[in-house]
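Structure, as structure tokens:
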Amino acid sequence: MAAIFPIFKSVFQKIKKTNLTEILLITVLVTIPIVGHATNSIAIILFFLSACYKFITNKKQFYFNKISLLLISLYILFLCSLLWTNNLGNTKSGLEQFLSYLVLPIAFIFNSDKQFNKEKVISIFSFSLVIYALLCLIVGVVNASKYSDISFLFYHKLSGGLGNLNAIYLSAFISLAISFFLTKPNKSKLEFFSLIFLSLFLVLLSSKMVIAITLMTSIFYFLKKRKFKKINLKSVVLFIAVLLIIIPAASNLYSRIKVEFEETKMEEVLHKKDFGPVYLWTGFGLRVFQTKAFIEILKEKKNIVLGSGLNNSQDNLNEKYKEYNFYPGFLNYNYHNQYMQIFAELGVVGLCLLLLIILFIFKEAIIYKDYFLLSFIILILVVSFTESFLWRQRGMVFFITVSLLLTKREQYIN
């Protein structure tokens, strides 16, 4: 517990020097991992209302940047899908759930004359993740001791210390914090501790994809830094320390990868007609089946251009689960792939719009040589292959807020 107090002190000192709008923006990010979505939704509403009040009282001209326009355009497409959806109830419910795609860009537009302190905002968010990780670890150790079960220190059982938080989502947030601490010059002792601790915690969360991406982008940064300037001894020691922590802790990760390959029977997944309620599914096997189901649904429904309507793909997928005699507990499992998810609901148009948003962010990262933004968008790009990341409250708020914050520069189009 003693490690938590310096973090609280550092965060508090940063907040004291922060204005109300930035505090509300920070609150939007910091409340993402909290159990339930009510707290985060309230933070978004307050940030939006604050932006509206500022815009009305100051009466200044506002500007759009491309990312804001594209995100708002995506919500307009959500709205338009009311015209072709075959379940108005599902789509209307989706429009409420996906309001972040509208209100967060508008809030940033109304604050277009203000340059947020990006480093401070991301720093506080990153330190909050250290606190969340410590809490998860404490709960995990207590449960592991209580039930004599070490699995409480890994994957979903570890992230479960924050309620029902998915380990992959928490891993994505942790990965961003690792990139932040890694790229920050003149690190304090607390920041060194945070970087090493979060690296260890990320491995314990055991998300194969996120760990791989974080490791690759970190090595890329280290090599890039070495190319342009001499690396000091502190950086070398830090890099070696992180490796020494990751290698022993990766045994659980290796065992999970081994199980995925050994127990996934591709021939059965692709051709079996009746799986039955006791069929042993791996994460990889289930995703292969969901891809197969997605292709079959496209052929049957022929909704390639516009899709079935926002928030309206689950019924078709559930029918496939029933057709292949899945265990009923799998009902309402989504595609676990953001690209298939948006294609199924909004067709080629929706998929192209999402890819355009990602492309513009990627392009900006390259133009401005912004490694941190680049590592973020690569993370989102890859995680979206294994999760419908942008279709869940935590994922969408994380993506929208960080994207708009990191791409908020002085250049705007009127």
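Every residue gets a Cβ built from N, Cα and C, even glycine.
Keep in mind that what you see is a predicted model, and the values were worked out from it rather than measured.
Copied from TrEMBL, the annotated features are:
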{"type": "DOMAIN", "residues": "194-354", "note": "domain 'O-antigen ligase-related'"}
{"type": "TRANSMEM", "residues": "23-51", "note": "transmembrane segment"}
{"type": "TRANSMEM", "residues": "63-84", "note": "transmembrane segment"}
{"type": "TRANSMEM", "residues": "121-144", "note": "transmembrane segment"}
{"type": "TRANSMEM", "residues": "165-183", "note": "transmembrane segment"}
{"type": "TRANSMEM", "residues": "195-223", "note": "transmembrane segment"}
{"type": "TRANSMEM", "residues": "235-254", "note": "transmembrane segment"}
{"type": "TRANSMEM", "residues": "339-362", "note": "transmembrane segment"}
{"type": "TRANSMEM", "residues": "371-391", "note": "transmembrane segment"}
Beyond the flanks of the transmembrane segment (371-391) by 6 or more, those residues with Cβ under 8 Å of it: 166, 168-169, 172, 175-176, 179-180, 183, 209-210, 213-214, 217, 221, 224, 283, 287, 334-339, 341-342, 354, 358, 361-362, 364-365, 399, 402-403, 406-407
Beyond the flanks of the transmembrane segment (63-84) by at least 6 residues, Cβ under 8 Å: 91-92, 94-95, 98-99, 101-102, 104-106, 108-109, 112, 306-307, 309-310, 312, 345-346, 349-350, 353-354, 356-357, 360-361, 400, 403-404, 407-409, 411-414
Distal contacts, the transmembrane segment (23-51) - CB-CB under 8 A, six or more residues away: 15, 100, 103-104, 106-108, 110-111, 116, 121, 124-125, 128-129, 132, 162-165, 170, 173, 393-394, 397-398, 401-402, 405
Segment-level pLDDT (mean, integer) for the domain 'O-antigen ligase-related' (194-354): 85
